[in-house]
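Asks: Okay, here's the structure, questions in a sec.
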């Protein structure tokens, strides 16, 4: 949550006072407008839900995301070999989600501690960096998964070479490099700040000092790493749906998995990514250009809505495991097989322990002369 240190000008300050002594009324009105636009900063009015909503969402995301992505990584590493191309992308997506959920306990404590950051400036920067790496890494890997499925559905024969695991590994490495390089400025812009009450805030965007340049950077990343992938995904899904309609794929596994993929990915974008990017941009714009007394109430609403979308943006770490289960190559079948095998192994271990206990107890009974066994 961005803790903006904005000093407020009292509402009772009149135009003549702002213009300064000795000015005519007309000049004082113009001067007062200039003074307000240049020095006035709205003081945010924060409601109680903002301090409880985000930690509640983060707790939910941590529990579900940790369990879901742990199982997914376990499956990909031990039960999904040899990997297909789409399995490579899904493994990297699960890895990005898992790294993000590991950072959530510190953020949960931050909000329960009345947004007083105690972990230092470096940890604050790392926290915000990993969030953005997960955000844009997830978007790019979902784009890769969508393009991969598009090639398999629309050009099943021509794409055989392009769908190989080796190509998917190279593309995944490239995605990680692009994301890390593109998000590295976050390590400069984010950080901690001291409030008037001496508590420490951890900026999720940046301080007012760097706000103008951060807005430009944010718009560039939004266009390059959100808007462009979204257009590509929509194009792939449009062509996939068209191919499914005109090709004879009734009740085939490829048709079913493709439909699940379209539904899940579009849901993630509609619920998590689109609202977050829209409200983040509006919040930054409000901090920069909407600082007048008449706009303060509007800014409060924008800020509150932005906090809601921040929670929604983290939900993708819970939804992605559903994608592996429904749209992955043989993931559901192999998960069922792995759980049955683990269950049988557990039953065998329990039976073995029971037999060992019986063998250990039997001599004692015989030694005591008890033959009731």
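Glycine is treated like the rest: Cβ placed from N, Cα and C.
Since the structure is predicted, the reported quantities are computational estimates derived from the model, not experimental observations.
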Asks: Out of 16-37, 126-147, which range is noted as transmembrane segment by Swiss-Prot?
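Replies: Of 16-37, 126-147, Swiss-Prot gives transmembrane segment for 126-147.
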Asks: With the domain names in Swiss-Prot as our guide, do residue 41 and residue 289 land on the same side of the membrane?
Replies: yes
Asks: With the ranges 52-74, 190-212 to choose from, which does Swiss-Prot describe as transmembrane segment?
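Replies: That would be 52-74, per the transmembrane segment entry in Swiss-Prot.
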Asks: Checking feature assignment: transmembrane segment per Swiss-Prot, candidates 167-188, 343-364. Which range matches?
Replies: 167-188
Asks: Give the residue counts of the topological domain 'Extracellular' (285-303) per reduced DSSP state, in the order helix, strand, coil.
Replies: 16 helix, 0 strand, 3 coil
Asks: According to DSSP, which kind of secondary structure is residue 202 (disulfide bond) found in, if we only use helix, strand and coil?
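Replies: The three-state answer is strand.
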Asks: Mind tallying the topological domain 'Cytoplasmic' (75-87) by DSSP state, helix then strand then coil?
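Replies: Secondary-structure breakdown of the topological domain 'Cytoplasmic' (75-87): 7 helix, 0 strand, 6 coil.
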Asks: Would the transmembrane segment (52-74) count as touching the transmembrane segment (304-325), if touching means at least three Cβ pairs under 8 Å and pairs must be 6 or more apart in sequence?
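Replies: Stretch pair touches.
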Asks: With DSSP as the yardstick, break the topological domain 'Extracellular' (110-125) down into helix, strand and coil residue counts.
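Replies: Grouping H, G, I as helix and E, B as strand yields 8 helix, 0 strand, 8 coil.
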Asks: At 10 angstroms around each C-beta, which of the disulfide-bonded residues 42, 296 has the fewest other C-beta atoms nearby?
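Replies: Looking at the disulfide-bonded residues 42, 296, the Cβ with the fewest others within 10 Å is that of 296.
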